[in-house]
Amino acid sequence: MPPSQLKRLKASLRDQGVIGPQQSKRQKKKEAQNGKNNNRKSVVVEQIREQFNPFDVKRNPRGPKFEVATSRPTDYNAVKGRPGAARAAGEDKRRETLLVEMQRRNKVGGIIDRRFGETDPDMSNEDKILERFTREKQRLFKKHSVFDLNEGLLEDEPTPFGSSLRDDFDEQDMQDAYGKYDDDGNEGYVGMRVKRSHGDMASLHSGDGDHGTAKGEPMRKKTKTEVMKEAIAKSKLYKYERQATKEENEGMREELDAGFSALNRLLKTTTKGPQNNTKPKSEVLEDAIKKFIPSQHTMSQQMLGKAALSGPTKSKEEVEEEAAAKLLEIEDKKLRRMRGEQISEDSEDSEKDEEEEKPSNPNVPFWMQKEEEQDAFGLGGGNRIKPTPAELGFDDEDDFIIDDNLVGSDSEMAPITNGEDLEDDEDEDESASTEEREDEFDAEDVESARFDNRDNTKLASLPCPQTHDQLLGVLKGLPSESLQNIIRNIRTQHHPRLAKINKELLAQFARVLVQHISYVGNSSNSNHNDARLSASFVATEVTIRHVHSMGKNFPVDVANKFRDSIKEMSRERPLSLTVGDLCILTAVGSIFPTSDHFHQVATPAMLVISRYLGQKILQSLPDYAKGIFLSSLAYQYQSFSKRYVPEALNFCLNTLSSLAPSPLLPAHGRQYFPIHEPSPGIRIAQAGKSSIAPRKLQVSDCLPPSPSSSPSTSDSTTLKISLMETTIHLLTTFSTLWSAQPAYIETFAPARSVLSHLQSKNCRAHLPASLATTISSSLESLDASLANSQRDRHPLELHHHKPLAVKSHIPKFEETYDPEKHYDPDQDRAEARKLAKEYRKERKGAMRELRRDAHFMAREKLKTKIAKDTVYDKKFKRLVAEIQGEEGREAKEYEREKDRRKKLRG
């Protein structure tokens with residue numbers, strides 16, 4: 001049987017001389033002289049330990065995988081690691097850190113000792129005490145010297161311009177700095193800018209008993225108490241002066257308010273009789289204003305405090321450049337809205353800030369300034385000499401001249417441009433309505449349309465209608481021609497600058513006018529008289545123009561009312577629109593920018609139009625007339641953006657097919673658009689030899705025939721021919737509008753087939769000569785457009801590149817290729833993979849350390865529990881032993897007492 005591990009260990013230690021017989025002093029001295037290593041014993045013990053515990057050493061037993069030639073000596077059997085030693089080192093480190101934290105947990109308070117030098121082991125107690133005493137004195141000094149005005153200012157200390165800083169508190173200097181006005185009206189800036197010399201300062205203090213002594217002696221430095229007393233006295237003085245100025249301004253304001261009623265009565269007074277014998281109104285107003293209101297210079301000095309800044313003077317070229325830049329910006333925003341792009345609000349905010357920062361004109365009196373300034377003083381705008389309408393450049397209904405008995409101001413004459421949508425809409429309609437506006441609003445017409453109290457006594461004071469019934473009550477008994485003057489008078493008498501509530505009243509009045517547009521159109525259903533219809537629609541046009549101008553001031557109210565009307569017609573009568581609905585849709589195209597891709601009013605209106613054109617089954621000629629009118633509105637809506645509206649084109653083709661003398665065959669393109677079979681009597685018949693000429697469509701064509709009078713056959717035929725001619729013109733207009741569309745050929749090929757059918761022999765015989773000529777010219781124009789589109793269209797084809805041969809590369813072979821390695825040509829992907837591998841490695845290491853920490857904590861807790869349990873068991877056993885011993889002694893004593901008594905009884 002081989003020897004045991006212990007015997008082998010003793011034998012190895014004995015052979016190495018670690019144990020065995022002790023050496024004599026002579027042997028030890030001899031070994032020391034020979035220079036043997038004194039640490040031989042520890043080295044030998046370490047070798048024996050490694051020999052007897054081979055699993056505690058990590059090495060490579062199989063040697064290297066590949067032989068490598070190197071100049072350095074290599075020991076392939078060397079120790080690569082010591083897991084046991086590393087484990088023991090980790091245990092020791094955890095015992096020093098983690099175990100200490102476990103023991104201190106819930107046993108250490110949160111008080112941190114912040115005393116200076118307490119944590120510095122290099123400082124002695126004397127140094128700590130001295131430093132703490134120094135810092136405490138510095139802290140107390142800082143607290144008491146915060147308000148020391150003379151601290152740090154010595155007599156010989158150099159100061160700006162050779163003067164002491166304390167001289168700034170001199171009473172005379174303070175009066176110059178704060179108690180006077182400068183020549184320009186700026187208060188409190190002269191004395192601060194004056195720089196005094198050292199001699200002046202000395203002369204101010206010489207001879208003053210408080211500041212110095214006799215002549216020739218140095219000046220006494222002011223104490224802190226004296227300086228503070230002077231500052232408090234001057235502060236009270238300035239407060240008293242400000243209070244006096246405020247009371248003076250209040251008294252002046254009360255005087256102005258007391259005289260305003262008389263001025264208002266003077267403004268409302270009308271002058272009768274010939275005007276040649278009296279002064280002009282402008283001179284009368286100027287005399288009245290001079291009596292009740294001080295001069296401009298006095299008011300600007302006393303009320304405004306200082307003169308207002310004026311803007312920089314710009315040359316004519318700069319003004320033109322700014323105007324051109326503004327137009328370009330508006331056009332750019334309009335195009336971006338048309339494309340549906342989001343417009344940032346930074347530019348709008350910056351424009352508003354610039355307008356707010358613009359200074360007012362100092363040459364204009366304060367009562368002629370902007371609305372905010374007038375509201376601040378509680379005054380209305382005064383009258384002035386009005387320029388001619390040609391100088392004002394009227395191009396809108398809002399730019400009318402206010403009558404002399406009503407209030408007016410400079411800003412009233414300027415066009416209001418608050419909404420960009422309305423500006424863009426004016427740009428869209430400018431080409432179509434410029435001539436009409438010039439004819440209607442030239443100088444003579446505006447002067448003739450001015451309101452005159454002498455001829456219109458009933459219109460002198462009108463309430464602002466808040467409901468449509470109230471508006472009808474105001475219009476009751478008045479001719480329809482006076483509607484324009486009535487609305488103008490109401491808007492003028494309830495101008496927002498006359499009262500704060502007028503803004504809300506006019507906003508509601510704008511909603512009432514929108515409702516009145518629909519009312520006038522619906523009231524025409526019972527009137528088939530052309531004269532009355534034309535008069536009523538002239539009134540509708542006037543109302544639309546006023547709504548357009550009021551929409552600039554109240555865009556939200558006007559838009560919401562239009563949206564309510566559109567919702568009502570879409571919910572209640574989507575396929576049976578009335579004339580009032582047509583008027584509302586027309587007003588939408590005149591007021592709002594229909595070119596926007598997304599708009600709160602124009603988009604729902606366009607949906608209503610498309611729904612009627614696409615879903616309405618036509619039964620009578622008024623239905624065709626309404627559809628043609630809506631198609632023309634669709635063209636007006638899309639005239640700028642040029643968006644394709646298939647419902648309008650299909651309606652026109654369906655109308656031509658229904659009015660054609662003979663039905664359209666499938667060979668003529670009938671399958672390309674939906675066709676509804678017309679009702680009996682809709683087609684044109686036997687009109688070729690008649691002398692009927694087409695006419696312009698009227699509003700009465702959209703009305704159903706009255707039951708009392710039925711239309712004659714000639715009138716019905718004339719209406720059919722007029723409908724067909726108008727539809728053909730619409731087709732030509734749509735062709736021009738969408739000529740740049742990529743699918744132009746596919747879109748208008750059915751239109752060419754329908755026109756060819758109308759020009760055929762069967763249809764031409766029943767159509768008048770004028771209509772046949774119109775069809776021929778439209779067909780020729782359409783053929784030319786189709787030919788041009790076909791010529792400009794190019795089929796899709798590949799790019800014409802030079803043919804290149806496929807590159808051939810010799811394969812690259814690596815002799816040292818290893819399938820275990822990664823040869824990724826993508827450097828980023830290789831780096832990412834390497835980083836992921838390092839992350840996984842570090843994560844495993846961290847998890848390993850956490851597990852070891854948990855095991856260590858569990859072992860330590862178990863040791864602590866075992867130690868506590870051991871102490872408890874020992875204590876418990878000791879107590880049990882004591883109790884049992886006591887019980888044994890008592891039991892034996894009981895037995896002895898029992899035996900003793902038994903003997904006594906026996």
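In case you wondered, yes, glycine gets a Cβ from its N, Cα and C as well.
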Which range is it, out of 55-93, 523-561, 757-795, that shows up in TrEMBL as region 'Disordered'? 55-93
Give the nonlocal contacts of the region 'Disordered' (887-906) in its own chain as ranges (CB under 8 Å, at least six residues past its ends). none
What else in the chain is close to the region 'Disordered' (55-93), if you only count residues 6 or more beyond its ends and a Cβ gap under 8 Å? 49, 852, 856
Six or more residues beyond either end and a Cβ under 8 Å away: which residues meet both conditions relative to the region 'Disordered' (1-43)? 51-52
With DSSP helix as H/G/I and strand as E/B, how many residues of the region 'Disordered' (1-43) fall in helix, strand and coil? 25 helix, 0 strand, 18 coil
The compositional bias 'Basic and acidic residues' (887-898) - residue tally per DSSP class, helix then strand then coil: 12 helix, 0 strand, 0 coil
